[in-house]
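Colleague: From Swiss-Prot, for reference:
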type	residues	note
ACT_SITE	H35	active site, proton donor
BINDING	28-35, 145-148, V174, 182-185	ATP binding site
BINDING	Q59	beta-alanine binding site
BINDING	Q59, Q151	(R)-pantoate binding site
Amino acid sequence: MTQVLRSPSEFQAWRRKQSGTVGFVPTMGALHTGHEELIKQARKNNDLVVLSIFVNPTQFNDPKDLEKYPQTWDQDLAMAERNNVDAIFFPRYPDMYPDNYRYKVSENEYSTLLDGAHRPGHFDGVLSVVMKLFNVVRPTKAYFGEKDFQQLTLIQGMVESFFMDLEIVPVPTVREEDGLAKSSRNLRLTPEERKKAPAIFKAITNSKTAAEAAASLSAQGFIVDYVTDVGNRRFVAAKLGEVRLIDNVQI
């Protein structure tokens, strides 16, 4: 039976009674098989598995995007129970931000590129909430998908910079059969948009250059924020209708 704990103090009281290793999967809910893969990895390698569900307002720079973020609590709980998750931490905004976000964690170089250039303040919100979650949960290992590769890299950097005693475990992107990266935002695509969406993965995989991939997507009706090569990885963000999709591949 999965325990559901609402406040940091309630969770910490539970956590103090536990022994052994803790695998942690932080999420914003609307769970899909990509999240399930993170949970399975955590289950395989730890004594206890903790899942958090918190739609974090400080990482949304568009209030409409926050309002439209899908919430699927019953399905999320069913997935947690199916995968033997020991506890779900399911806090509210005042629980997580007693300071109303006066204190924050920020990184001032890599967080300004790629998604950071298009979503001001986004990564401050991500790093701040993840730091809070790590402090409450005190995990041995925390699991993050490579789909959000920039986020993963920034969190790894934060853990190293602040000497945090846990291991970050990257998990490869889980894709639909047609190549589209699994994402909670995919639920918001219309049937027509859903048919078009795999073009993102095809463009960044098959194009010789980032510019060629961007041109291909624009020609197919996507509004492209960026296609950029950084090191040995190609990153993309593009809008299809109302939905902004991101992906990346090794090149």
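Placement of Cβ uses the backbone N, Cα and C atoms for every residue, glycine included.
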Colleague: Which one of these binding-site residues, L31, V174, has the sparsest Cβ neighbourhood, judged by other Cβ atoms within 10 angstroms?
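Modeller: Each of the binding-site residues L31, V174 was scored; lowest Cβ tally within 10 Å is V174.
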Colleague: Over all shown protein chains, what is the count of other CB atoms within 10 A of the CB belonging to S184 (ATP binding site)?
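Modeller: The answer is 19.
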Colleague: For G34 (ATP binding site), just count the other CB atoms lying within 10 A of its CB, please.
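Modeller: If we count other Cβ atoms within 10 Å of G34 (ATP binding site), we arrive at 22.
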